[in-house]
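Quick notes on the structure that follows.
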């Protein structure tokens, strides 16, 4: 298993290279998932935990007071200030031409500011080319795509043949598709792919919620191939102190990563 540093030097995607460099520099494989509906609160929490994360995962369409100038521009400033990247968890799932417009147009203009986004494989490989075209037409900055191979929710249909087919779609573009949302390693190294595995549903304290979320521990997911742990309510839910929890998850994630090499 290659180190983050080695992967930052060898990866085919500039987005992945930068992400691995940040992870190595900050000693963090923590992605903060902030499902927060008010801009001020979103930015405030992000500013406090920014030093401890490599990535923030947003759901920009739940921000009720969203404006491009008031939400996106300060978000980008915080990413610059604290040296983390931005992942908009849009989960595109339509035909190529439609997702192309969803990605670059509308009120959110995701392709302009999100380093990384993600998509379901359900509509086939056209989704990858549609999103890539949108990125190329929108910005000169590099963009990366994650495919949703597996989900952490109870009763998810994303497993088995569906997961295998999604992996095949990912192989259609080595530079733009940088990895997967998945629960374990997706292989591919023998064919020259170096996929980043990001795993949601990671918690040190909770086992799940009433809406079907199932949590796994940091050690458990990193041991099975996760590169980046995605933590949401574990950082700020139930009256938790975001700074204290961000430090805790950063340390747990980094220690689990170092244990890979023992």
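Note that Cβ sites are derived from N, Cα and C of the backbone, with glycine treated the same way.
As written in Swiss-Prot, here are the features:
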- 91: active site, proton donor (ACT_SITE)
- 35, 57-59, 89-98, 215, 233: substrate binding site (BINDING)
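Locations of recorded Swiss-Prot features on the structure.
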| residue | record | Cβ contacts under 8 Å, 6 or more apart |
| --- | --- | --- |
| 35 | substrate binding site | 59, 62, 232 |
| 58 | substrate binding site | 34, 42, 75, 86, 87, 88, 89, 114 |
| 91 | active site, proton donor | 118, 119, 120, 148 |
| 93 | substrate binding site | 99, 119, 120, 122, 123, 127 |
| 95 | substrate binding site | 123, 126, 127, 130 |
| 97 | substrate binding site | 130 |
| 215 | substrate binding site | 152, 201, 202, 203, 206, 207, 208, 234 |
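DSSP classifies residue 91 (active site, proton donor) as strand under the three-state reduction. In the three-state DSSP reading, residue 35 (substrate binding site) counts as coil. Taking the Cβ of residue 89 (substrate binding site) as centre and 10 Å as the limit, one finds 21 other Cβ atoms among all the protein chains shown.
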